[in-house]
Number of protein chains: 2
Amino acid sequence: MSDQSSSTRSALPPPPTGSRPKMTSRGRTAAPPANSNLDTSDIPEYEYFVAPGPRGYPPLTEYLDIYDVDMKRHAEEKNRTSHNTHLFNLDTLVVRRGQEFEIKITFNRPYKPSEDKFAVEFVIGSSPQFSKGTYMPVFPTKERQTRWAGRVIDTFENTVTMGITPDSSCIVGKYHMYVAVVTPYGIRRTKREAARDLYILFNPWAADDEVFLNDETERQECVMNEMGIIYHGSFDDVSERTWNFGQFNFGILDACLYILDRSEMPIANRGDAVKVVRQASAMLNSRDDDGVLVGNWSGDYTYGVAPTSWTGSTDILLGYVNSQSPVCYAQCWVFAAVFNTFLRCLGIPSRVVTNYFSAHDNNGNLKTDIILDENGRVDRGRTKDSIWNYHCWNECYMARKDLPAGFGGWQVVDATPQETSDGMYRCGPASVNAIKHGQVFYPYDAPFVFAEVNSDVVFYTRGKDGTLDPVKVNHSHVGRGIFTKTPGELTRKEITEQYKFAEGSTEERTVLQKAEEFGCKREESDPLPADVDLVLPSVELAVGQDLELSVEFVNRSQQRRTMDAYVSGSVVYYTGVTSSEFLFRTPSVTLGPNKSVKELVNIEARSYMKHLVEQANLNFIVTGKVKETGQIVTAMKVVTLRNPKLAVEVSGVAKVNEDMLATVQFTNPFTFNLEGIYLRMEGPGAMLPRFRYYSLLTPNSSVVWTESFSPQRAGITKIIASLDCPALRQVYGEASLTVEP
Amino acid sequence: MSDQSSSTRSALPPPPTGSRPKMTSRGRTAAPPANSNLDTSDIPEYEYFVAPGPRGYPPLTEYLDIYDVDMKRHAEEKNRTSHNTHLFNLDTLVVRRGQEFEIKITFNRPYKPSEDKFAVEFVIGSSPQFSKGTYMPVFPTKERQTRWAGRVIDTFENTVTMGITPDSSCIVGKYHMYVAVVTPYGIRRTKREAARDLYILFNPWAADDEVFLNDETERQECVMNEMGIIYHGSFDDVSERTWNFGQFNFGILDACLYILDRSEMPIANRGDAVKVVRQASAMLNSRDDDGVLVGNWSGDYTYGVAPTSWTGSTDILLGYVNSQSPVCYAQCWVFAAVFNTFLRCLGIPSRVVTNYFSAHDNNGNLKTDIILDENGRVDRGRTKDSIWNYHCWNECYMARKDLPAGFGGWQVVDATPQETSDGMYRCGPASVNAIKHGQVFYPYDAPFVFAEVNSDVVFYTRGKDGTLDPVKVNHSHVGRGIFTKTPGELTRKEITEQYKFAEGSTEERTVLQKAEEFGCKREESDPLPADVDLVLPSVELAVGQDLELSVEFVNRSQQRRTMDAYVSGSVVYYTGVTSSEFLFRTPSVTLGPNKSVKELVNIEARSYMKHLVEQANLNFIVTGKVKETGQIVTAMKVVTLRNPKLAVEVSGVAKVNEDMLATVQFTNPFTFNLEGIYLRMEGPGAMLPRFRYYSLLTPNSSVVWTESFSPQRAGITKIIASLDCPALRQVYGEASLTVEP
């Protein structure tokens with residue numbers, strides 16, 4: 001026995017040198033979990049059941065032999081058109097689950113059903129297992145069937161046309177296919193060939209699929225349409241921009257599967273739409289997990305592409321796959337648009353929605369606090385909450401078999417990194433119907449979404465001792481309107497009533513009370529409204545224009561009212577966060593009984609131009625304290641600045657595979673130079689993303705950029721262009737064209 | 001205008017050099033979120049309300065001045081004893097929310113309630129805000145009260161004894177305290193002093209607190225007891241070991257807060273027990289987030305401490321704080337034990353529970369698949385699922401205000417990294433009552449826990465064509481018994497009925513059906529049981545002993561039965577994963593009508609000794625196919641090997657602060673050398689963790705290790721010791737002592 005060390009107080013061994021040891025799965029699981037669709041495990045070509053005889057293994061050659069397998073994989077074939085996968089720019093077969101597809105097998109001789117035994121086998125991921133759904137044999141005979149149905153549709157000479165119907169809840173991803181002939185002595189199989197691989201997707205057309213959507217117009221929009229419209233700006237003055245989701249572009253489907261692989265999501269879970277969308281909501285942002293997009297709201301995009309500059313999802317998804325690291329940069333509409341591409345690509349019906357005046361970072365607390373000092377002026381140092389002018393998220397459509405009946409249908413998912421959703425940067429799926437009815441305890445993250453559309457805005461005055469007294473509660477400001485693109489049209493559709501009952505209705509009050517029971521806390525006080533109203537009119541303003549703001553004070557009482565008002569104008573991000581205050585006035589107002597007075601405030605363009613951030617919004621807040629009553633009055637108005645437009649023109653004969661030209665033109669309308677300009681252009685089914693860089697554009701000079709392209713398919717499409725430079729962002733233009741077949 | 005680059009196809013800028021840019025919060029939030037309890041923001045000593053006059057600011061000295069503040073923070077004072085925080089080895093005040101504590105303020109003159117205005121202010125984290133609960137003033141007067149109640153309890157000369165009751169849902173963590181005198185001209189405050197800091201914890205004694213537990217015996221056990229018993233071994237042969245949770249040891253409370261800081265959990269959420277335990281279940285393991293413990297089931301613990309070697313949580317938690325990186329290594333009972341320390345330390349009632357035959361990694365799929373070949377022999381290559389011999393998790397007690405009524409009470413949380421809980425390495429809180437009633441859609445992760453206790457074991461035979469046919473379903477194997485320590489006693493308490501209705505009852509069937517509706521899929525087929533039974537008796541076996549295994553075949557039919565049986569013996573990890581097969585026999589059995597036959601299998605110790613892994617279990621599986629009926633019969637038995645014990649003795653007078661001696665003794669009972677031996681020793685309230693290393697212990701030689709210690713408090717405690725070396729793990733010993741005051 002030897003004793004080499006004396007007893008010590010701390011019992012930790014020295015840390016290992018080199019990299020920190022990782023958890024291993026040895027001893028914990030019999031096989032490492034299959035969590036990558038790129039991993040494969042080949043099945044042997046021969047599998048003997050019997051021991052070798054004196055002359056080795058018996059020859060299997062006397063049995064049926066397989067000469068060829070035709071997957072009928074091309075875009076114009078029935079497998080693709082009837083499965084609504086003909087738009088995928090891929091030579092591999094793409095089908096949807098719960099629906100039959102056909103393959104043609106050529107043998108060495110005619111197939112004899114009474115004698116010959118064969119199976120078509122589908123395999124996904126490493127360590128395929130029948131019980132996990134990662135190995136699935138399909139048989140041509142009625143007597144022997146698995147969860148995937150098989151049948152012989154037709155035989156002709158040596159060929160058999162076989163119909164295969166993957167289970168409507170099977171795993172979604174890329175499978176390998178084998179044909180195996182079963183003999184008494186063993187199994188003989190085809191070798192793996194890339195041409196026989198196939199993708200199986202979710203199927204909104206199949207009644208048994210959890211993503212079944214029983215409306216062809218909706219399906220055409222929410223699965224098949226590559227061209228999206230995203231609403232932004234402000235509630236009073238909705239702006240829109242076109243986005244190329246590009247879910248059918250070459251490489252996008254593989255990119256979507258790569259995202260799931262990168263997240264190490266077990267293959268066996270990938271048939272479950274709830275799990276797939278939840279995992280993806282975490283993976284679309286780079287927080288925690290090196291996901292697809294890096295969020296950046298700082299205005300400094302030196303090391304990447306400005307969020308406002310993207311015109312579609314293709315570059316982002318291919319960039320993520322090629323670099324294997326997160327793509328810079330995104331804000332909410334970019335997260336939502338790329339998430340939409342992911343969902344539509346895999347066959348989950350989805351749409352981008354915009355919520356105007358979205359309450360944020362309040363973690364299920366139904367209050368956004370605005371702090372005023374004792375004189376009624378906004379205390380910007382103490383007002384930490386913000387209401388986003390708008391926020392974009394996604395809705396996806398599914399049955400929610402994990403919840404009691406009544407909560408299927410549209411589900412909110414949100415990939416924009418929030419601070420507090422379950423401690424992680426993910427959100428949803430949360431049933432829209434559960435949100436409407438205040439059933440916020442059903443997973444996932446419903447209280448968070450409930451607060452985004454239902455919060456109260458509470459104005460407090462701060463006492464000298466640090467306590468806050470609520471002086472005004474605005475119940476209707478947040479979640480003012482929720483919009484999405486109308487299916488099959490280019491207009492917007494209001495879906496606010498799917499999230500909330502009418503303001504002031506009995507149902508609305510009941511729902512708010514119910515939600516409150518389960519942790520969504522509201523402001524309880526409800527101070528009396530003041531008898532003086534403040535009115536700020538809607539304003540349309542182009543970047544660089546002067547503005548005359550009219551502030552109307554209305555006395556609804558029978559007495560005289562006097563007040564010192566504070567008129568504050570700030571440049572704000574679309575997140576509602578103030579960048580800088582460019583205007584501060586303190587008019588004194590005297591109002592006779594039942595009288596009103598208008599104060600005019602003149603604002604020169606140069607006072608706000610130097611403060612502009614990328615999504616140029618001016619936020620005006622007027623507050624004041626009525627001297628006679630001590631009541632606080634407030635009014636807020638967001639003015640979205642109108643940017644100049646890009647001129648986009650197309651010329652040539654709009655016909656499939658014919659060459660055409662697209663021209664983008666822009667003239668600098670300002671009196672200052674524009675520097676570091678990126679122009680971007682792309683079009684759904686017509687042009688892949690392209691860009692051009694210009695270092696300088698002097699006042700009144702122009703850029704003209706012409707690109708040739710040839711449309712890939714018939715129908716209406718657009719060429720979408722953007723211009724982006726640090727001094728001027730969010731400049732868009734587009735041209736429509738109708739492509740003949 | 002200049003044009004420097006031609007148009008290109010891919011539109012991504014070059015990746016930035018250096019480190020990848022991170023998301024910033026500028027432009028997104030007005031202030032970065034407060035998510036560290038270590039960040040502080042000091043409040044100014046003077047805050048003037050008025051502009052400076054010609055001679056500067058008015059002096060505030062004519063008003064009340066603060067000479068001293070006594071937090072009454074010491075362990076023997078009422079603030080500590082009445083709040084059940086006297087055991088914390090800390091000189092800082094520790095109190096529980098929703099319950100009054102007292103502080104004594106000494107002014108420069110007697111306090112005049114009618115004239116003097118002062119407030120006691122509590123601040124936590126950076127950017128303190130009243131509306132977020134991170135800044136809280138407390139007033140002595142009835143007229144001015146906040147959510148934290150304040151009152152003057154007593155005045156004597158210049159001193160005021162003030163009672164303060166923190167809101168019963170306030171943030172839990174470390175606060176700073178200030179006293180502020182409010183004058184018409186401004187505020188004068190005390191400076192921050194470490195002696196005036198205080199910790200506020202959850203309060204199971206306060207009826208309004210969500211963690212209120214209305215049973216003093218349970219509270220004494222689940223909050224106050226540092227000494228735990230963890231059950232392991234096998235269901236037939238339960239082993240137990242003592243663990244020192246050490247939640248009151250110096251540094252542990254700070255370590256628990258550090259864990260929350262490290263997870264960047266927003267301070268404002270830290271009053272919510274549901275969120276705190278969910279966050280902690282993610283942070284206790286190192287996956288995703290560099291949490292506390294690295295899981296390792298491989299048998300190779302070269303770079304850390306073997307999971308079986310730890311005797312308590314103290315070394316682990318302090319090691320994590322000191323190294324700021326994950327501690328190596330843990331298996332399920334270590335995760336559960338350290339999590340228990342965390343929960344008890346913060347005041348959330350909690351206990352470690354053990355589930356025997358726990359189904360794992362099955363992701364809400366209620367099946368564990370065992371694959372047999374056509375002759376009934378286990379196909380180890382294809383059997384990937386495992387049933388853990390046991391699995392430990394935690395239960396914590398809380399009201400679950402986020403769920404409808406009826407789902408409060410004990411909640412399952414589990415820090416052992418699973419593969420699939422919501423895609424992340426976290427689990428719970430899941431209501432035990434919701435699991436019992438199959439209400440698995442209530443958050444969080446209930447389907448996963450439901451499957452751990454309710455799965456079926458399905459034996460399949462694999463056909464030549466790869467398909468599987470279920471031949472036997474065992475509904476009662478999994479979740480056979482769930483145990484925890486009895487409160488206030490040293491015995492074990494079965495709590496299985498809190499998770500499940502009685503096997504075979506109507507309620508049980510209803511619950512399984514209900515759970516199935518919401519995605520917990522069961523095996524539907526129910527093959528007829530065979531008419532031959534296999535019986536394996538329980539066996540007690542010490543490491544190194546030979547074994548005679550008796551396998552009984554019972555024919556319950558009126559006909560003769562014959563079969564070739566497969567008797568397989570393997571060394572398995574406690575996770576049920578097979579390490580190596582050391583026994584394989586194929587007896588042929590012939591049974592007359594209604595007759596039984598016993599086969600005896602002799603196993604020599606040397607056949608299994610060389611294969612042993614750290615938790616030495618032998619797993620016997622007997623299978624066979626009855627020739628006459630084709631039915632498959634199976635039986636399984638786990639034999640837990642008995643390790644030698646450590647002898648632990650204490651000597652001296654067991655009195656608080658008196659020196660005592662503890663001696664650990666071990667003799668190598670084997671015929672081989674033991675190498676690289678760690679001995680560990682500690683005792684709740686008596687001895688901090690210590691260890692000793694021995695390089696070699698030859699056969700029949702002994703180690704004797706004596707340490708001195710002095711108990712810190714009165715009552716019953718233990719000295720717990722472990723011996724660990726690669727060839728022999730799980731050797732424990734302990735000695736009890738009753739310490740006089």
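Even glycines carry a Cβ here, placed using N, Cα and C.
TrEMBL entries are annotated by machine, without manual review.
What TrEMBL records for B:1-41 is region 'Disordered'.
According to TrEMBL, the domain 'Transglutaminase-like' annotation covers B:324-417.
The annotation active site is assigned in TrEMBL to B:CYS332 (among others). DSSP assigns B:CYS332 (active site) to a helix in the three-state reduction.
Of all Cβ atoms in the shown protein chains, 29 besides its own fall within 10 Å of the Cβ of B:HIS391 (active site). The active site annotation in TrEMBL covers B:HIS391 (among others).
The annotation active site is assigned in TrEMBL to B:ASP414 (among others). DSSP assigns B:ASP414 (active site) to coil in the three-state reduction, outside any helix or strand.
What TrEMBL lists as Ca(2+) binding site is B:ASN454, B:ASP456, B:GLU503, B:GLU508. Its own atom aside, the Cβ of B:ASP456 (Ca(2+) binding site) has 21 Cβ atoms within 10 angstroms in the protein chains shown.
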Segment-level pLDDT (mean, integer) for the domain 'Transglutaminase-like' (B:324-417): 89
B:CYS332, B:ASN454, B:GLU503, B:GLU508 filtered to the recorded positions whose C-alpha is within 10 Å of B:ASP414 (active site): B:CYS332
Neighbourhood of B:GLU503 (Ca(2+) binding site) by C-beta distance under 8 A, where only residues 6 or more apart in the same chain count: B:HIS475, B:SER476
Count of other CB atoms lying within 10 Å of the CB belonging to B:ASP414 (active site): 29
Cα-Cα distance linking B:ASN454 (Ca(2+) binding site) and B:HIS391 (active site), given in Å to the nearest integer: 14
Alpha-carbon spacing, B:GLU508 (Ca(2+) binding site) to B:CYS332 (active site), which is rounded to whole Å: 28
Integer Å distance between the CA atoms belonging to B:ASP456 (Ca(2+) binding site) and B:CYS332 (active site): 22
Recorded positions compared (B:CYS332, B:ASN454, B:GLU508) - the one with the fewest other Cβ atoms within 10 Å: B:GLU508
Env. residues of Ca(2+) site, Cβ within 8 Å of mean position of B:ASN454, B:ASP456, B:GLU503, B:GLU508 Cβ: B:HIS475, B:SER476, B:VAL478, B:GLY479, B:LYS500, B:LEU512
DSSP state at B:ASP456 (Ca(2+) binding site), helix/strand/coil: strand
